Amino acid sequence: MNHSTKEKASQNTEAGHIVIQKLFGVLLDNKWQLSIITGVFVLIASIIATLQAPIYKANVLIQVEEKSNGIPGLDNMSEMFSQESSSDTEIQILKSRYVLGKTIEDLGLDVIVEPNYFPIIGKTFSRRHKATSIAAPIFGEKYAWGGESIAIEFFDISAAFQDVEITLIAGTNDKFQLFLDGQHIAEGTVGTALEVKELDLNLKVELLKARAHTEFSLMKKSKMQAILDIQSAINVQEMGKKTGIIQLTLLGENRRDISNILDSISQNYTSQNVRRLAAEAENSLSFLKEQLPEVLRDLNRSERALNDFKMQKESVDLSLETEALLDNLVNIESKINEMSIAEADISRRFTKEHPNYISFKKQQSDLIKERKRILDKTNSLPDIQQQLIALMRDFEVNQAIYLTLQNKTQELSIVKASTVGNVRVLDHAAVFPKPVKPRKLLMVVLSFIFGFIAAVGFVLARNAFNRGVTDPADFEDIGLNVYATIPLSESQAKFNLKQSFQKKLKSNKNRENNTGHLVAKDAPEDLSVEAIRGLRTSLHFAMLEAKNNIIMISGASPGVGKSFVSANLAAVLAQSGKRILIVDADMRKGYLQKYFGLKWDAGLSDILSTKCSVADAIKPSEISNLDVITRGAIPPNAAELLMSEEFEKFLEAVKSSYDFVLIDTPPILAVTDPAIIGRHAGTSLMLARFELNPLSEIAVAHERFELNGVDIKGIIFNGVEQKASTSHIYGNYTYSYSND
């Protein structure tokens, strides 16, 4: 039991190693494709990096202080109007429409005008143009190619046409044309205001330097859209945690523009901060000034009442105890009145649930209770003294209130005049000396990584979908023996490449080339020839029980190498001293004649249609003992010719004259010809191409032969390539003849 478990584990480990080896092998086999795909990615990234405009970065540092500084000696008053706000609050103020809207108005950021560049490359050409003159057009007069400039003094248009692009076309003699949706709307002159009443358009072009017919894009952004664009462009964040240092950054192609925008934003932000704090002092000052006349009237009234009472009651005096009560009462009344005045400001600054407001109301309540207690004591005094106390209290309280209001008014006037904000600009706008984008080296490195990943994915995906057989052992699963495994012929591959190149150089009338290349004759040391010699040996034993000496070679689909194997097998058999006849039975598309340098005329189709005799159709080859019958003229009824008595007569005539008759047939899945020919053959073989034919396709072809009564003896596995992905099947060795 333990031995079985260990054996299974060993098999699983070995299978895992084979899978990994195969995957790496697939990558090695496709190393050129990996290199090309990766190189394309790198090339595209390099081009993009070259075409992209350099992007610069500017920043501003702003400090948010806990409290604004005031005049020494007025700290208490200044604290009433100081600002303690978090950095998060200030960041939102910085990005508010109030601040950014002012910047848009100051710099005219709602007016967008730029030249029309040729797609993709035009802007790069314009950017690289260093001369002061205007560049000559390369592909079109309407495009800007460098040296163009335009300046707009003002531009307004109806809200219905805001955020809509208007085309401005430069003319001659400082003239220009305006087009909206392709329709001409106006003609203007540089330096002269232009008005179009239908669009509520007012425009003045201050400067226009461009060739005639050069186009510019002109747009008036809505204020909201302009604000949204800046909000998305600027980055505002606190430097560190609770440092109160806020950094504004902005990216852009124009160094001067991004610097001006940040300076304007910081200036508008600090200005509004000062105005906001000064406004609070102004509101309180206005309130006090409104109260002063009324308090003065109360003071004058109480003074007259007290003087009248003293004149009537000349002998009224107050005891020391009564005077003490009066002083306390006046003091408390003054505090209550001061708190009543301050209550309006407190209620404006704090909610009723705020701890400061609750504490204020408690102090006010305690003073009212204390006043009631003192008033209760005065009730026991004589009536005249009570009247005198009341009059004196009113006078002294009103006098104290009036003096307090005057002092507060003077203090607030000073505070208002000396108000400074609680924010300041630490570092004004500065532009980094080098562009932050594009990061060319990073783009190239990332493109290499992603390109390689994409290439690997493509290669592995293609390999996964390629169901072509690579292991000859797979044929045993469908009951077929492998008679031979033939490596890909290097000699034939080189010849095919040479022929393909020559055909491209030749004219159409000279493309027919009958110069053959028979590997068994021209390159006998080729590994494929040695494998075919092995096939010859296998056939010798396989045909001992065959009913005749006819060998049919077919395949499941075109392009598997039937003619190559048939021609070279015939040559190898002839070289062994056997008399061989090879017949091209693919009367539709056969090209067996090219391997022997012959022409296709007077061939099998002519024999079967009784246009020529067998003797006339047989053509000797350059190889001794090897004769050839080509396909002949292409007939309209190839299958019917093969089913005729003439085909049987033909086979009877040739099989007795030769040791072996090889018949090269078309693919079984394309036409029915192989099924007809196979009934007459003593030995039938089927070709499969390495990585071309799926096992299911071979199984269907085999089944079709069986349904027609043709017994396939075995498979010839052709075109096997030595690849890293199949090294676990075929090994990594080679064998060849040497000249030693």
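Placement of Cβ uses the backbone N, Cα and C atoms for every residue, glycine included.
TrEMBL does not curate its annotations; it predicts them automatically.
Summarising the annotation, TrEMBL assigns domain 'Polysaccharide chain length determinant N-terminal' to 20-107.
Annotation comment: TrEMBL describes 32-51 (among others) as transmembrane segment.
What TrEMBL lists as coiled coil is 271-298.
Marked as domain 'Tyrosine-protein kinase G-rich' by TrEMBL: 383-464.
Positions annotated as transmembrane segment by TrEMBL: 441-461 (among others).
Residues or ranges marked as domain 'AAA' by TrEMBL: 549-671. The domain 'AAA' (549-671) scores a mean pLDDT of 94 in the predicted structure.
Nonlocal intrachain contacts for the transmembrane segment (441-461), taken as residues 6+ away from its ends with a CB within less than 8 angstroms of a stretch CB, comprise 23, 26-27, 30, 33-34, 36-42, 44-46, 48-49.
Sorting each residue of the domain 'AAA' (549-671) by its DSSP state yields 44 helix, 22 strand, 57 coil.
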